[in-house]
Amino acid sequence: MSTTIDIPESSKVVKGKGVVAAPLRPGGWKKGVAIMDFILRLGAIAAALGAAATMGTSDQTLPFFTQFFQFEASYDSFTTFQFFVITMALVGGYLVLSLPFSVVAIIRPHAVGPRLFLIILDTVFLTLATASAASAAAVVYLAHNGDQDTNWLAICNQFGDFCAQTSSAVVSSFVAVVVFVLLIVMSALAMGKP
């Protein structure tokens, strides 16, 4: 005589009501913020390096010149524009180097360390980019309008291509500044809420 024990299957298996997926962790929106952070960083890289490249290649020589005088406008004629090119290149370099930290924030959206590190450095480079963009904007304004009180004449009437390139570079740098502000606000909100 053999004894067998029949064990009935669980009611969940028979009826097909098992757990399909694990419940979502609260704060799953932080991963979305981290992905948006990465995308905005890519846009800021394009804006900052585009501004540096546009300003760095701004150069125009007037078609009329004499044996002794040649009229040329170039970014390296203005120390403010030199500062602009260097700082925008530094900002672009920082943004490239910050991409791995942004990826870590995507993989581990609840980690506070990478976000705090990015907020601190983003704030430092925001001030650098803002100072650079504002000083270049002041010089571009003088190039377009001049200053009657100091007898500075507007040069954009003669150097139109040069002024168009420098103006484009300044606009691009302010786009990078706005993206930095968005990055800082998004990271602060993601750190603040559970």
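Cβ atoms are placed via backbone N, Cα and C, with glycine included.
Taken from Swiss-Prot, the feature topological domain 'Cytoplasmic' applies to 1-32, 104-115, 190-194, supported by sequence analysis. What Swiss-Prot lists as transmembrane segment is 33-53, 83-103, 116-136, 169-189. Annotation comment: Swiss-Prot describes 54-82, 137-168 as topological domain 'Extracellular'.
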Open item on the list: When secondary structure is assigned with DSSP, how many helix, strand and coil residues does the topological domain 'Extracellular' (137-168) contain?
Closed with: 18 helix, 2 strand, 12 coil
TODO: State the residues, same chain only, that lie 6 or more residues beyond the ends of the transmembrane segment (33-53) and have a CB under 8 A from a CB inside it; answer 'none' if no residue qualifies.
DONE: 84-85, 88-89, 91-92, 95-96, 98-99, 102-103, 105-106, 109, 118, 129, 133, 169-170, 172-173, 175-176, 179-180, 182-183, 186-187, 189-190
Open item on the list: Mean pLDDT for the topological domain 'Cytoplasmic' (190-194), rounded to an integer?
Closed with: 76
